[in-house]
């Protein structure tokens, strides 16, 4: 009941804020899950006024509570009605608000799978689309989950889908790409034993970027431990691997949840995923000297929020393994997929494999 009360209080606060700008009848909020989606869909189709929709997933990355694994997946559906162009002075057509019984709502969702195959194609954010990474003149490719765009004809879709991965303003031959012919033996699970460990935290409220230099031996495992804040909507994402220093522009960051990892004959990197701290985990004590004082102060784990919205306090881990000597720029960012320019914290790991 506390979770329901907390959620209702937050929704009321949002509605109060919106009422200063526009008629509060413009917006409606619903939690959609497996039990009530049909009822909400019927109400939407019965409506007479055009609307825009924003879908925000509940937190499925920041919680390690095993008891949540059996609960339904839910999303927050934000509906904004559009005023009629025929009568600018008229109000929004009433009678089509999406209403649902509070008993049908499930306020805590189960965790997203760490496997990319379990991410549904319809988890898209209504923001700008992305163009493709530029390709290297090599047999390596970065296999990133395709960004959704609307194309009128199926033929256009077939021609363009190959070029739709992630928008980038990087220069040509700057981005590594993963080939479909790469042997799966180079793929990592993210559960490998750490040879070195680096913690990335010290999150700022303003957009920033930082470059950290690391060296690895061929075959050595580097674990990147990523810390976040609870319930802020921010997520850690692996954005790309580059051979030249990339130019970072948060406006070009993906607006869709991505879980695909990168692997090639040269270097393999996993997407960040949550992990439980093991007392016998060697990464807790190895190479602690590479942490900054600010990062060491953030060792204590933040409290978990009562309602787990997108973004969580639990640590995420990404694993890096170099297979051949070389120099690579590995780009991670802590940002909101539905608002990439709002305080994105980008960390670039400059790795020398020797």
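Yeah, the Cβs are placed from backbone N, Cα and C, and that goes for glycine too.
Copied from Swiss-Prot, the annotated features are:
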type	residues	note
SIGNAL	1-21	signal peptide
MOTIF	226-236	motif 'BC loop'
REGION	274-317	region 'Disordered'
COMPBIAS	275-302	compositional bias 'Basic and acidic residues'
What average pLDDT is reported by the model for the motif 'BC loop' (226-236)?
79
Structural state census, the motif 'BC loop' (226-236) (DSSP three-state):
0 helix, 3 strand, 8 coil
